[in-house]
Amino acid sequence: MSYPEKFEGIAIQSHEDWKNPKKTKYDPKPFYDHDIDIKIEACGVCGSDIHCAAGHWGNMKMPLVVGHEIVGKVVKLGPKSNSGLKVGQRVGVGAQVFSCLECDRCKNDNEPYCTKFVTTYSQPYEDGYVSQGGYANYVRVHEHFVVPIPENIPSHLAAPLLCGGLTVYSPLVRNGCGPGKKVGIVGLGGIGSMGTLISKAMGAETYVISRSSRKREDAMKMGADHYIATLEEGDWGEKYFDTFDLIVVCASSLTDIDFNIMPKAMKVGGRIVSISIPEQHEMLSLKPYGLKAVSISYSALGSIKELNQLLKLVSEKDIKIWVETLPVGEAGVHEAFERMEKGDVRYRFTLVGYDKEFSD
């Protein structure tokens, strides 16, 4: 099929006016031998999109098309493609579009930790091109970072899995989440909601840990076994002493999380893993020697192997994540940003209606 030489997206024009993006045409990256072009039909709205758009993580080159939970169909394969994907196949792209694929990290399914990592938008490739994301009609990426979407997962539900879902699945699977384990999910936002559903599907006894009881009913509907409202339970670490094998911190900010209370609730050898990337000014404060055989670490995204595992799990277990859809476009992106900033979403947004917004 034919498609335009320039791509078109809903682009952030400045950090100061980040909630009011404009439809913008731009040059795609050069097409290399192992690249794939994808015509986009849905894209999730991730908290990272807001952090980048608003400048929370520093100044970005503008204009910038964000969005890294992309679902669409293959329209072009590079001449040396060996991915097994076909033109017309429905596929997904998450928050990473390049790594060296040659270092020990890449060869051991740790692509997100490669020193040549390129994120789906806002980061320059080695040739200087700054990556552009999925609030657009097309995206061009290396084939390694393109995955097939199982037929029984609708596009609007598949999209949030590609970053948010993977980001919480990776620390769960790497740290033994499963039958006989007690797992805590801190923060019932978009990622925490998926973490709750995924942890239960993996067979763990699952606790949702939040500041108040406001989301208790939703947590129970998602299958949580227990709910802890930390501001209402005092020293909850003492109350739940020696309970958790694993806690995954999904909260967008670390400011209100007391890492000196949480270790009390951990079993010996327990692990606390944060997937949050807070604003630049935030710092983690710990009392010396307070961990007592408990480890605290950070997890970034997840591997392509893990993404395929996650999609298989969601397909086989028929997991239905909680998603609202909005039409892609200047107004739709504005609404998504406004509502996400206010916390007015249950629990992820997916942009749809790409065929109506973009015409080749």
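Glycine residues also receive a Cβ, built from the backbone N, Cα and C atoms like all the rest.
The Zn(2+) 1 site recorded in Swiss-Prot comprises C46, H68 together with one of C106, C114, C163, namely C163. Looking up S131, S212, S274 in Swiss-Prot shows the phosphoserine annotation sitting on S131.
Other than C46, H68, C163, the residues of this chain whose Cβ falls within 8 Å of the Cβ centroid of the Zn(2+) 1 site are, in sequence order, G44, S48, D49, G67, E69, G94, A95, T120, L162, G164.
Report note: the Zn(2+) 2 site is defined by C100, C103, C106, C114, and the residues of the same chain whose CB lies within 8 Å of the CB centroid of those residues, excluding them, are S99, L101, E102, D104, R105, K107, E111, T115, K116. Considering only the binding-site residues H68, C100, C103, C106, C114, S299 (NADP(+) binding site) has C114 as its nearest partner by CA-CA distance. Rounded to the nearest whole angstrom, the C-alpha distance between G47 (NADP(+) binding site) and C114 (Zn(2+) 2 binding site) is 23.
Here the binding-site residues are C46, C100, and the one with the most other Cβ atoms within 10 Å of its Cβ is C46. Looking only at the binding-site residues C100, C163, R211, S252, the one with its C-alpha closest to S359 (phosphoserine) is C163.
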